[in-house]
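S.K.: Can you keep this structure in mind? I'll have questions shortly.
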Amino acid sequence: MGEWAFLGSLLDAVQLQSPLVGRLWLVVMLIFRILVLATVGGAVFEDEQEEFVCNTLQPGCRQTCYDRAFPVSHYRFWLFHILLLSAPPVLFVVYSMHRAGKEAGGAEAAAQCAPGLPEAQCAPCALRARRARRCYLLSVALRLLAELTFLGGQALLYGFRVAPHFACAGPPCPHTVDCFVSRPTEKTVFVLFYFAVGLLSALLSVAELGHLLWKGRPRAGERDNRCNRAHEEAQKLLPPPPPPPPPPALPSRRPGPEPCAPPAYAHPAPASLRECGSGRGKASPATGRRDLAI
């Protein structure tokens, strides 16, 4: 029972990532398969070879007839079935633990690389969620494939009824030998019960796969919307950008001196000489006549 408890603890870790349908599948797996097979199946099928009796004393005939009647023991076939069904969920648990360890180791570095940037935090988170969802979808698909394969194998190998009588012919038996199976009715009931549990498990796997595919795209859209809203809120909380610097002022043109005005460094001229232009022209003839008179 220690092996069954260890397997149950591994499968129990899957429910952290599973929806409600996946948890129902886990209940069916733990109770109606592992528990029933560990407690009842071993007691029903443990003596099938010892109690397989043939009406001959020919050495090797009984073993050969038993091998032809049951190519693989029911009990071992179902054990192998449970192991293969448990492999995808256990691998997903190992992957989740590995990813959790890597994220815990690089959380501080990621926080230092992108402090206060929501888009840098939302994008890796969404990427990890998509990877985990794809891995879980793959595990459910592999589980469903294993379930259908073993249901078909059980129907082909054993059918749905354990016959109490088996007629065996061929070497090393000298003639047609009649062989008899112990407790055929009890074994038939158990075979039908296990096949029904397999059908229920397959239906739950199909429902879970459809649920994940149907709910995956809206959840991805909601996640993107949340990241966009967080980015917009962060942009609102940021301080306003500084105003742009004013353009450089153009150099102003200094007004030049008047055409008739003397420069600033010149001495002031006499009042009689301050007239210019036309006034100077009018005063010239009078001055000339005054000179001539002298």
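Every residue gets a Cβ built from N, Cα and C, even glycine.
Not my notes, these are from Swiss-Prot:
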type: TOPO_DOM; residues: 1-24; note: topological domain 'Cytoplasmic'
type: TRANSMEM; residues: 25-45; note: transmembrane segment
type: TOPO_DOM; residues: 46-76; note: topological domain 'Extracellular'
type: TRANSMEM; residues: 77-97; note: transmembrane segment
type: TOPO_DOM; residues: 98-136; note: topological domain 'Cytoplasmic'
type: TRANSMEM; residues: 137-157; note: transmembrane segment
type: TOPO_DOM; residues: 158-188; note: topological domain 'Extracellular'
type: TRANSMEM; residues: 189-209; note: transmembrane segment
type: TOPO_DOM; residues: 210-294; note: topological domain 'Cytoplasmic'
type: REGION; residues: 233-294; note: region 'Disordered'
type: COMPBIAS; residues: 238-250; note: compositional bias 'Pro residues'
S.K.: Any residues 6+ beyond the ends of the topological domain 'Extracellular' (158-188) with a Cβ under 8 Å from its own?
M.R.: 44-45, 47-48, 51-56, 58-62, 64-66, 68-70, 74, 195
S.K.: Do any residues, 6 or more residues outside the topological domain 'Extracellular' (46-76), come within under 8 Å Cβ-to-Cβ of it, and if so which ones?
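M.R.: For the topological domain 'Extracellular' (46-76), the sequence-distant neighbours (Cβ-Cβ under 8 Å, at least 6 residues beyond its ends) are 37, 157-158, 166, 168, 170-174, 177-183, 187, 190-191.
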S.K.: Counting by DSSP, what is the helix, strand and coil composition of the topological domain 'Extracellular' (46-76)?
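M.R.: Split by secondary structure, the topological domain 'Extracellular' (46-76) comes out as 12 helix, 2 strand, 17 coil.
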S.K.: Flag the pair the transmembrane segment (25-45) / the transmembrane segment (137-157) as in contact if three or more Cβ pairs fall under 8 Å (sequence separation 6 or more).
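M.R.: When sequence-distant Cβ pairs are counted, the transmembrane segment (137-157) does not touch the transmembrane segment (25-45), since fewer than 3 lie under 8 Å.
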S.K.: Where else in the chain does the transmembrane segment (189-209) make close Cβ contacts, counting only residues six or more beyond its ends and a cut-off under 8 Å?
M.R.: 18-19, 21-22, 24-25, 28-29, 32-33, 36-37, 40-41, 44-45, 74, 78, 85, 137, 140-141, 143-144, 147-148, 150-151, 154-155, 158, 160-162
S.K.: Reported in the order helix, strand, coil, what are the DSSP residue counts of the topological domain 'Extracellular' (158-188)?
M.R.: 5 helix, 8 strand, 18 coil
